[in-house]
Amino acid sequence: MTYDAGHYDVIVIGGGHAGCEAAYAAAHRGAKTLMLTLNLDMLAFMPCNPSIGGPAKGVVVREIDALGGLMGKVIDKTYIQMRMLNTGKGPAVRALRAQADKPLYIQEMKSILENERNLTLRQAMVERLIVEDGVCKGVITETKAAYYADSVVITTGTFMRGRVIIGDLSYESGPNNQRASVKLSEHLEELGFELVRFKTGTPPRVNSHTIDYSKTEIQPGDDNPRHFSYETTEAILDQIPCWLTYTNEFTHKVIDENLNLSAMYSGMIKGTGPRYCPSIEDKVVRFNDKPRHQIFLEPEGRNTEEIYVQGLSTSMPEYVQREMLRTIPGLENSEIMRAGYAIEYDSVVPTQLWPTLELKAIPGLFTAGQINGTSGYEEAAGQGLMAGINAASRAMGRESFILDRSQAYIGVMIDDLVTKGTNEPYRLLTSRAEYRLLLRHDNADIRLTEIGYNIGMISEERYKLFAEKKLLIEKEQERLADVMLKPTEEVQKVIENSGGTALKEAIRALELLKRPEIKYEMIEQLTPAEQELPWDVKEQVEIQIKYQGYIAKSNQQVERMLKMENKIIPENIDYDDISGIATEAKEKFKKVRPLSVGQASRISGVNPSDVSILLVYIEQGRIARVSNE
Amino acid sequence: MDIDTITAISTPIGEGAIAIVRLSGQEAVPISNRLFQGVDLTKVNSHTIHYGKIIDPITNEVAEEVMVNVMRGPRTFTREDVVEINCHGGIASVNRLLELVLAEGARLAEPGEFTKRAFLNGRIDLSQAEAVMDLIRAKTDKAMNVALKQMDGRLSKLIQKLRQELLETVAHVEVNIDYPEYDDVEEMTHDMLIKKTNEVYHEIEKLLQMAKQGKILREGLSTAIIGRPNVGKSSLLNALVHENKAIVTDIPGTTRDVIEEYVNIRGIPLRLVDTAGIRETEDIVERIGVEKSRQVLKEADLILLVLNFGDELTEEDVNLFKVVEGLDIIVIVNKTDLEQKIDIDRIKKFANGRPVITTALIEEIGIDELEQAIANTFFAGELDAGDLTYVSNVRHIQLLKQALQSLTDAMSGIEDGMPIDLVQIDITRTWELLGEIIGDTVQESLIDQLFSQFCLGK
């Protein structure tokens, strides 16, 4: 017997990075929202590395922030170190990465969620969904509480039938010895969903007091830290460094000798692991010519002595882990606080989702985060935000919200997942984005703030500030297009100092700025703006002018893509009715049910001729309708 | 509805007196008009036909004499604006025309694409729909198969090799971006990148060069013989014809019944052309002036300029040198049996690095050297027709040219000091274009490459 525990617009199951964003977004848009999670002390917990951001992922955090989400704001308040990566490269690939204070991150996130109107937090284990007439209507917990809602978002991460493996030890568990969620996974299978088994792993943590840092290299943060959130104004100045050390032939020998004990190699692990996050045993086996591998020692927080040994992810028995660690300079006497482990879990094959992250088979049911086959906090948070927004849309009768591949890394990720699926835990890489020059770290606000505002995620005040910034950028570009710089002594000197070739005749300031060696500050020196511009305005002006040619090229590609994206496939299309499409393509179409011809063309195993035929068929339908009228 | 303007040769290749290049799309009329010398095609009435000339916009030379049909949508086959350019039959002229149209921005139509557009634009009724779909299926697959089969096995291997090199380069750049802190991976530098792109650039350039050679092998090297009266032009012709058993063909059906004579010089079919009466009109420069003669002569692949060893260099000779400036020529100083009056050094100066051969054609002296010079000019002296990897498919050539262009963009980006991750956009594009040639553009292979080439991860 169950009891009626209440009615909501949106229920979010899970309180990890996806769940927090989903619950916040739904509530913030005005939906009455309930979050059910196994352990309220573990909201937005980081079970793996203590860092947020990096290439591609960092841009996602900026995008989340531009859309009104939380991750950027929370990490900006709780980082112990901030670094801008790829500063020597182009603007498209610059990436911010923070080392997080794990316990503080949890506290900060919890406090924001607790204070969000419309959001109720409750500790509970969900076992079943309430599905009536094929539509999801709510959830039932193990304590027999039945909660009803228009939309349910599942964000259970690696908890579904989670199994932790250390050497030959294996037990049912979520990450960090939390309870696994078994019944929900079985229930999803009952409902007919296709699940797949994935694996990931984490390295041991050691006690900082037992590390000899003098044998390692210091890795400090930036002196002038940049931030993820466009709302952050204050920097944290007392940053804590990380440390770099290396494995060596002795480490590799220990691994070689004990390879048969590694769960990865003994056959204990059945799930597919990510190639970009291999275990140390994998690295040693696959690249056995490498004499050493990097190991980063990363503090897990300000007020803890636990150090995360990045680079040493492993499923070796605990005593082998200890032996391995002690071959590494600086770690000779290290004491393990938590052993590394591999974890296997169920995830939902993501091609079962619409691009809104709603499941095709059961309206009202959404999934987001690691349950969709991704890996990484940022990937989870990005999906959580989108699922939360769409769950609220459904409950409130608003339009659904999809980002395309030219708008955001979040759009690239979700399109990849729902169109192509994934056969390993999916991680965002800059190389997955064909328009990455448009999807920069620096312009996330320009791409998305307006959208965030329109869906009720961005405040009036912030939108106003954004609009002012945008105007300043445009005005300054116009001004530089008008100003002529004559080859005066002053001008030539500035050019000469930067190592450029002298002017022969007068040149527009905008043209001069296009030269690779010229920076905006030099232009500013020669022809100052009426008022001193904020640094982020200057940055935008410089990037947009300097890389105009490449940006224009990317924009052309986007236009071509959008042409196909705008050819909408009717919802009721019957692929069996189309003669001429190859059987393989037909099966793929039926499974993925692409929304547009553009999406159809990205499905792997679909040939251009199949797409042509699909196009013809759709037009035929259109003609048929016209001639019937 | 489609923005692209498409084009194709819509008459059977190599048959018939007239060939037609058809264009369909918004830009059909403007593109044709940019190439057309005659009335302004953008202003003419629909469904009218116009006589004029096709001008190569780069060289400003006349490429073809044509009749152009302008038909505005929707009263056309595709319901879009359609232009049909009628030119002389024969592979060379129609291919040239097609290349010019492509260079002006039209895209080569896929098989069945005109029909597809006709259908999409509602030109064909519903009952025909299924047939059209079958047609697209059959044509696209077949065309792909045919194109692949046509392609020399070595060519496809070479392209795969180039793609692999590019892919490794791109993966290297990507790794630097996605894993900036991993010191296992060397940082890709501009120097490394320029070296890689250069290598691939030269390979593609070589392929295109060989495509030109392939064309010569199929169609013959059009050759003109020029010179003042009585320097030995007829002897030269006779010598070549006599030595090599000329095949005299009469190709009927073209508007001007051209007599073309083929001789085989060391495996190169020489087509001694006389379309403009160059060979028979001895005083061409005097008759039509330097500029005009130049335009006429540009149509030839090779010009044999004959001088008299026994005369001093005349003003006429000097004029001839002006006419052929920058063209492929071989200078033949004939009649070495006479007393030397000509200044060979001065000739060499005029020849500007191009070969100068001395002959006594009547005595059959120097013919070997001449033949060798002809072979050298086009095949760097190593002609082995059986061993050439050449690209013959227009689509492939077009893609190779585009690939070369995007590599050029990449290289100028490197020179301008653009960040490597931007330069890489053009390199990736090159990789995709080469992939289109062999029908493989799967993006996933980059990510696979990334993880097999480098040891990554935390």
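Each position is counted from 1, following the chain as shown.
Quick reminder: no glycine exception, Cβ is built from N, Cα and C everywhere.
Feature annotation from TrEMBL assigns (6S)-5-formyl-5,6,7,8-tetrahydrofolate binding site to B:Arg22, B:Glu84, B:Arg123, B:Lys458. DSSP assigns B:Glu84 ((6S)-5-formyl-5,6,7,8-tetrahydrofolate binding site) to a strand.
Feature annotation from TrEMBL assigns domain 'TrmE-type G' to B:220-379. Mean per-residue pLDDT, taken over the domain 'TrmE-type G' (B:220-379), amounts to 73.
B:Asn230 (GTP binding site) is surrounded by 12 other CB atoms, counting those within 10 A of its CB over all protein chains shown. The GTP binding site annotation in TrEMBL covers B:230-235, B:249-255, B:274-277.
What TrEMBL records for B:Asn230, B:Thr249, B:Ile251, B:Thr254 is K(+) binding site.
Taken from TrEMBL, the feature Mg(2+) binding site covers B:Ser234, B:Thr255. A sphere of 10 angstroms centred on the C-beta of B:Ser234 (Mg(2+) binding site) encloses 14 other C-beta atoms.
Residue pair B:Lys233 (GTP binding site) / B:Arg22 ((6S)-5-formyl-5,6,7,8-tetrahydrofolate binding site) shows a Cα separation of 41 Å. B:Asn230 (GTP binding site) sits 47 Å from B:Arg22 ((6S)-5-formyl-5,6,7,8-tetrahydrofolate binding site), taking the CA atoms of both as reference points.
Counting only same-chain residues six or more apart in sequence, the Cβ atoms lying under 8 angstroms from the Cβ of B:Arg22 ((6S)-5-formyl-5,6,7,8-tetrahydrofolate binding site) belong to B:Thr7, B:Ala8, B:Ile9, B:Ser10, B:Val82, B:Val83, B:Glu84, B:Ile85, B:Phe114.
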